[in-house]
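What Swiss-Prot records for E96 is active site, proton acceptor, and it gives sequence analysis as the kind of evidence. The active site, S-methylcysteine intermediate annotation in Swiss-Prot covers C345. Marked as S-adenosyl-L-methionine binding site by Swiss-Prot on the basis of sequence analysis: G170, E171, S202, S224, L225, H226, N302. Per Swiss-Prot, the feature disulfide bond maps to C109-C345. Among the features that Swiss-Prot reports, domain 'Radical SAM core' is placed at 102-342, with the record citing sequence analysis.
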Amino acid sequence: MTTSTGKINLLGLTQPEMEQFFDSIGEKRFRAGQVMKWIHHFGVDDFAAMTNVGKALREKLEAVAEIRPPEVVSEDISADGTRKWVIRVASGSCVETVYIPTDDRGTLCVSSQAGCALDCSFCSTGKQGFNSNLTAAEVIGQVWLANKSFGTVPAKIDRAITNVVMMGMGEPLLNFDNVIAAMKIMMDDLGYGISKRRVTLSTSGVVPMIDELAKHIDVSLALSLHAPNDELRNQLVPINKKYPLKMLLESCMGYMATLGGKRVLTVEYTLLKDVNDQPEHAAQMIELLRDVPCKINLIPFNPFPHSGYERPSNNAIRRFQDLLHHGGFNVTTRTTRGDDIDAACGQLVGQVNDRTRRSERYIAVRQLSADAELQDSAVRH
């Protein structure tokens, strides 16, 4: 993609695209592999540092291309080791990238949009409205920046980033081409060499793009379910009105069938106090997913200002998990990480230049609600 300088940003080019680029400037295709290794293996963003590339070619590259990662605005480190980067993209908005370390892995949570084109009622990102899709360079640039921060080389066995999840800001399938390109670079040995089983795309349910996915890439799939019936899901995840549960699950199963082996769908379910955490919801979920090869990841709600939702009690969370487990499912409850730096699931907000005015409307509605509560309280007293 050409940047504001009129040059091509090589950071976001897949291997075939990089080869085509070198063809276009009259150079041999093997140069693509050399340059990709410098960019992704060694974190180089200056052609002058590419010591096995001749001076004449380096000068040619300087004239027509660049390696431009997004700008890091800030970095915060949680008490539990979670890291969050605020990154400014070309649109002027800021997005957030989160690194979550555990004993046996390091997971990078990557954003795909500035804001989100969807409006899930319990997610702070959606309340920021929507500005733009990230470019492929801005998506893969989050991996590049994190590796640079850790000073790691992907060829090392002890690398910090072992898994990537497209679960940051935005709906990945509504930025299809750029997300696909970035994931291909993640898995390419000339890029970051991450196993396809360790790259996960999470979607709220854009059915046509799920159907298209298998034609382009083989990655793990996670479904943001959050409700066991259409009536409730229509409220929590409004895209369900367009693609209801039966259609959505058929699409997910169709994609999983193309992967073969023992791959299963990950089902994500944010638990909201007195909304979707009752025994009847667990029973409906067991029935809904009975024939779906899946594992279930329960996510206790992480509060944000004016959300209108609360986190269930620990007893309610355990009860819900136990009911699903007795129903025959592999169930885990996600440990909240990074909440002291607002890096927990559902808390990512960035700084979005909202083109939809959704954020403005959301704040106005919440203010009206707060004013009404104050008036009611005054009347009662």
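Positions of Cβ are set from backbone N, Cα and C atoms, glycine also.
Sequence features, as recorded in Swiss-Prot, placed on the structure.
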{"residue": "E96", "record": "active site, proton acceptor", "DSSP (3 states)": "strand"}
{"residue": "C109", "record": "disulfide bond", "DSSP (3 states)": "strand"}
{"residue": "G170", "record": "S-adenosyl-L-methionine binding site", "DSSP (3 states)": "coil"}
{"residue": "S202", "record": "S-adenosyl-L-methionine binding site", "DSSP (3 states)": "strand"}
{"residue": "S224", "record": "S-adenosyl-L-methionine binding site", "DSSP (3 states)": "strand"}
{"residue": "N302", "record": "S-adenosyl-L-methionine binding site", "DSSP (3 states)": "coil"}
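The recorded positions listed here (E96, G170, H226) include E96 as those with a Cα within 10 A of the Cα of C109 (disulfide bond). In the structure shown, the C-beta of L225 has more C-beta neighbours within 10 angstroms than that of any other entry among the recorded positions C109, L225. Residues near S224 (S-adenosyl-L-methionine binding site) in space but far in sequence (CB under 8 A, at least 6 apart, same chain), listed by position: C120, S202, T203, S204, G205, V237, E268, T270. Across the structure, H226 (S-adenosyl-L-methionine binding site) and the residue listed as 'active site, proton acceptor' are spaced 23 Å apart at their Cα atoms.
Taking the Cβ of N302 (S-adenosyl-L-methionine binding site) as centre and 10 Å as the limit, one finds 24 other Cβ atoms among all the protein chains shown. Cα of E171 (S-adenosyl-L-methionine binding site) to Cα of E96 (active site, proton acceptor): a distance of 14 Å. Taking every pair among G170, E171, S202, S224, L225, H226, N302, the residues recorded as binding S-adenosyl-L-methionine, the greatest CA to CA distance is 19 Å. In this structure the C-alpha atoms belonging to G170 (S-adenosyl-L-methionine binding site) and E96 (active site, proton acceptor) are separated by 10 Å. Cα of N302 (S-adenosyl-L-methionine binding site) to Cα of the residue listed as 'active site, proton acceptor': a span of 16 Å. Just so you know, the Cβ of H226 (S-adenosyl-L-methionine binding site) picks up 24 other Cβ atoms within 10 Å once every protein chain is counted. Its own atom aside, the Cβ of the residue listed as 'active site, proton acceptor' has 26 Cβ atoms within 10 angstroms in the protein chains shown. Between the alpha carbons (Cα) of L225 (S-adenosyl-L-methionine binding site) and E96 (active site, proton acceptor) lies a span of roughly 23 Å.
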